[in-house]
């Protein structure tokens, strides 16, 4: 009989003291709210890559697979908590524990395991923040071009920098509450308007290919992962549940919330693809009539909502670096002023990095696809399977070690998804930049130096 490394009588969920934790309905609401974002607006283009029928089928498969990987991640963390006899482990600490209890040849890598998770988390959050910056830039440009001399996309991105920096300087999450309420209201209104636009004057369903090109499928895969797998959000909601066991129940917060999001995403994706076909943009809001007052209002308001979301996401990389790498190294007698200076310098650096990347590669679709395909293939697929292998090692894999083979297959899917998404995204970035020289940051710097006040009315090709 296989020997277990954990005590069956020890339940980590009962060790958590969440007196003011989330109720069942609040858990469902937070899962839905956390998963709905700019990924929804990019899905029509993703469905165009995959084809209408193929897109629906593959999106549902990816959603079911993603839900299973979430359950796998939470179950593996639960087992590792039982082994370590603690009520909660962060993702990085869970990976560290997995290396400790797994095969012997992994034990030497324990010190760098948490760092690995932190790096991928940072890359994911940085990529997500870049997507938000590009979304704001594209939509603000479309509105302003109707009323002012046309300017370069990169300048509109640059104009948002002071506001984004100011938002990132907000000291704690409590101050975000009124902004978050506003952002949620705007998001709901935006989704309603999207449904109104995409259901008008629908062409014949057969006008769009049922199956897309194989070479474009990695872009569909990466965008779908970006839209669906909000790993930090899911972990945060589960940790704050008053009844964590309900979160992963068959009819629990994760399945209900994720199922709702999948249905909404699939409807928007297929309708947007059906409505706009070959003309679809990286964000469906860019397809709305440029001179329509309603579409201009929605673009402007949703850009503000995304700006607020950018500030939310900026907290994550700051906390990862501050809590794990800076705070432990600060002297106890450090002055408050010096501590404040270090903290806000870190925030400034994070914002600067995201803006440099966004202006260097101002391509919403490929950046979004790479962020989802690369980072979430690791965080949402490969890492959870690896943690289960380590937690069950060496002889708790069931009859004929079927769990081990299943996890190997999941790891393989994660690695293939990572590789093909990275290749396809880099290929598209190179193609787009070579075909659109007006997107090069060097050109816009020279243009601005020649004409600082940008008084020339110059038509520039949009990406």
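For all residues, glycine too, the Cβ spot is worked out from N, Cα and C.
Just so you know, TrEMBL annotations never went through curation; they're auto-generated.
Given the structure is predicted, the values throughout are model-derived calculations rather than measurements.
Residues or ranges marked as region 'Disordered' in TrEMBL: 1-21.
What TrEMBL records for 1-19 is compositional bias 'Basic and acidic residues'.
Feature annotation from TrEMBL assigns domain 'Amino acid transporter transmembrane' to 25-426.
Summarising the annotation, TrEMBL assigns transmembrane segment to 46-74 (among others).
Under 8 Å from some Cβ of the transmembrane segment (118-140) lie the Cβ atoms of residues 38, 41, 91-92, 153-154, 156-157, 159-160, 164, 226, 231-232, 282-283, 285-286, 299-300, 302-303, 306-307, 309-310, 313-314, 316-317, 320-321, 324, 350, 353-355, 357-358, 361-364, 367-368, 370-371, 374-376, 378-379, 383, 463, all in the same chain and six or more residues away from its ends. Sequence annotations record features per position, and here TrEMBL assigns transmembrane segment to 118-140 (among others).
Summarising the annotation, TrEMBL assigns transmembrane segment to 152-170 (among others).
If you look at the transmembrane segment (176-197), the same-chain residues 6 or more away from its ends with a CB under 8 A from one of its CBs are 33, 36, 40-41, 170, 264, 267-268, 271-272, 275, 284-285, 287-288, 294-295, 298, 301-302, 304-305, 308-309, 311-312. Taken from TrEMBL, the feature transmembrane segment applies to 176-197 (among others).
Proximity of distant same-chain residues to the transmembrane segment (217-235), defined by a Cβ-Cβ separation under 8 Å and at least 6 residues beyond the stretch ends, is recorded for 30-31, 34-35, 37, 39-40, 42-43, 45-47, 49-50, 55, 58-59, 62-63, 66, 69-70, 73-74, 90-91, 121, 124-125, 128, 131, 254, 258, 261-262, 265, 316, 365-366, 368-374, 376-377, 379-380, 417, 420-421, 423-425, 428. Per TrEMBL, transmembrane segment is recorded for 217-235 (among others).
Residues 24, 27-32, 35-36, 39-40, 43-48, 52, 55-56, 59-60, 63, 66-67, 70-71, 74-75, 191, 194-195, 198-199, 202-203, 205, 207-208, 227-228, 234, 237-238, 241, 280, 284, 287 of the same chain lie 6 or more positions beyond the ends of the transmembrane segment (247-274) yet place their CB under 8 Å from a CB of it. The annotation transmembrane segment is assigned in TrEMBL to 247-274 (among others).
Summarising the annotation, TrEMBL assigns transmembrane segment to 344-364 (among others).
Packing against the transmembrane segment (370-393) from elsewhere in the chain are residues 5, 39, 66, 69-70, 72-73, 75-77, 79-80, 83, 91, 94-95, 98-99, 101-103, 106, 117, 120-121, 123-124, 127-128, 130-131, 218, 221-227, 229, 231, 403-404, 407-408, 410-411, 413-415, 417-418, 420-422, 424-426, 429: each is 6 or more residues past its ends and has a CB under 8 Å from a CB in it. As annotated by TrEMBL, transmembrane segment applies to 370-393 (among others).
Residues annotated as transmembrane segment in TrEMBL: 405-426 (among others). For the transmembrane segment (405-426), same-chain residues at least 6 beyond its ends with a Cβ under 8 Å from one of its own Cβ atoms are 65, 69, 72, 215-219, 221-222, 225, 366-367, 369-370, 372-374, 377-378, 381-382, 384-386, 388-389.
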